[in-house]
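Participant: Before I ask anything, let me first share the structure, which is written out below as structure tokens.
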């Protein structure tokens, strides 16, 4: 009964007569009588696709938007990640890839309308849902609530962002037709209506009374109860597996009249490390889209993912009974691939759209060119056999590229990676306490006594956030992991150095756990005796590599071959082109199985995989993200051609966290490899 009347009273926009509207009377409004939007007075229905400018290098913006336009989309939906633009309190960055105004102006140039989603929380599988990590410098802050400290930070941000948006609103001659307030707030535990009222007042004060403001929530009654507010038009989100009539019936419970809107139609799903690559049937996606359009609904699809740009705020994570970090790639079987290539799914969507409105005239832009640059040995090799005088890439019998290897154990270069020196503390401090947002921190102390018989080095439950690489006397001992192995057996002498490299693998971006503190949240102990007197090194690895290190430095010699965190570097040249490519890590996907105990000595024993080979890759100072082939499913990292140099060397830097293969090398391919997941059978085979 709630779904009765879905689609009634709304003519297909492609066939409905369009009354003449004055060119000066620009408006975008709700029509509660005809259950539709009205644009300049005429009935209007949008078919939209999401694109994340913060995940697309600026040189590729036009290509991705043009492909979306040629797919038949009239509109694009755009997130604005707060932490992407305000990395520190009061420090704003809208330059280069972060120039959201230039991106919005490009959408207008290409004839696309925009649905803007400025948060302040956006989810988007983006680190902390777009909220800045520096909010957690106040440990007791209640995020996404009417907490005064949180609201003050939000207001400060909105007073910077929204004045950039206002001139681009449709009513003011721009192409932004609507603006979302918060995101899926009904899925958050707080259910704080005062917070939503505060946001509504701020958006109205800064954008004016005419702009259409809306919310988006799931279709469950409790989500719509806490996520909606009078004065904000309530929309829903759901995927192709849902019953369309029932889903829109849920919207009708809170919006009895007005347009039907699915603000997030999931054309795929995200990938987690250690799980199968997400895949959603093109037929199912197309059928669900057609069902919605037949009801006269407005639809926004998740269309164009891209790489996670890990040099910036990292990929996020979910918490579903345990911590689940998201892979580097954001290509979850999307209609436009990570490299911007049209897929079968995109053409299936395009075919459905053509049944309801005319498609733009002209061909779909082609896939971007890819190049399989070939094998890159992480050792000194001959660029070409002696009998071949041609460049290496012309010699079929030779490696196409050569790369000379230098390496430095991470602990040997702390002076470079932490130029300000360590912080002294009796007990460990979190990332937030030392104002380190992302990346890595080294915790250094010494054994207080001789440990001749193996003792248990352990951490309290849930206090390793997120992975800790343990070195004793600079020798790698093993890894402690959030919701995984939390103890190691060690021996040593009094005064031996103990170092733990802590990695932030991404703050939780959805649910009640977005206050996701990083680092050592509790003290390590040795046979239940707490360790003390720590030196804490916040590492600025990205900064050092972007400034040319280690390629501009002569690395000190270090004991070669030992396991544990170390840097590998080299250079290569391309054969006169800079095309997109994908890098694979052959032989970097080994695992070993061991008996591990969760929760210390008394915990339950279980057979657990211990990953070997896991780290991060930079090319020309650009962080291409985490590789973790043994855990999968992602096996390759995407390298956009805009990162590469032509006619001069390209610098490669690898931070391997657990120990590289004896003869490491990289392999550049012309296609990605995603779907491989760790299992006992594959581990045994490897």
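Note: Cβ is positioned from N, Cα and C throughout, glycine not excepted.
Keep in mind that what you see is a predicted model, and the values were worked out from it rather than measured.
Sharing the record's features from TrEMBL:
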type: ACT_SITE; residues: 184; note: active site, proton donor
type: ACT_SITE; residues: 264; note: active site, nucleophile
type: DOMAIN; residues: 37-355; note: domain 'Glycoside hydrolase 35 catalytic'
type: DOMAIN; residues: 428-539; note: domain 'Beta-galactosidase 1-like first all-beta'
type: DOMAIN; residues: 610-647; note: domain 'Beta-galactosidase galactose-binding'
type: REGION; residues: 1-20; note: region 'Disordered'
Participant: How many neighbouring Cβ atoms, not counting its own, are there within 10 Å of the Cβ of residue 184 (active site, proton donor)?
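Facilitator: I get 22 for this one.
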Participant: Between the Cα atoms of residue 184 (active site, proton donor) and residue 264 (active site, nucleophile), what distance do you get, rounded to the nearest Å?
Facilitator: 11
Participant: Give me the non-local Cβ neighbours of residue 264 (active site, nucleophile): same chain, 6+ apart in sequence, Cβ-Cβ under 8 Å, ordered along the sequence.
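Facilitator: 50, 216, 237, 238, 300, 302 - these are the non-local Cβ neighbours of residue 264 (active site, nucleophile), listed in sequence order.
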Participant: With helix taken as DSSP H, G or I, strand as E or B and everything else coil, how many residues of the domain 'Beta-galactosidase 1-like first all-beta' (428-539) land in each class?
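Facilitator: The counts are 3 helix, 56 strand, 53 coil.
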Participant: For the domain 'Beta-galactosidase galactose-binding' (610-647), how many residues does DSSP put in helix, in strand and in coil?
Facilitator: 3 helix, 17 strand, 18 coil
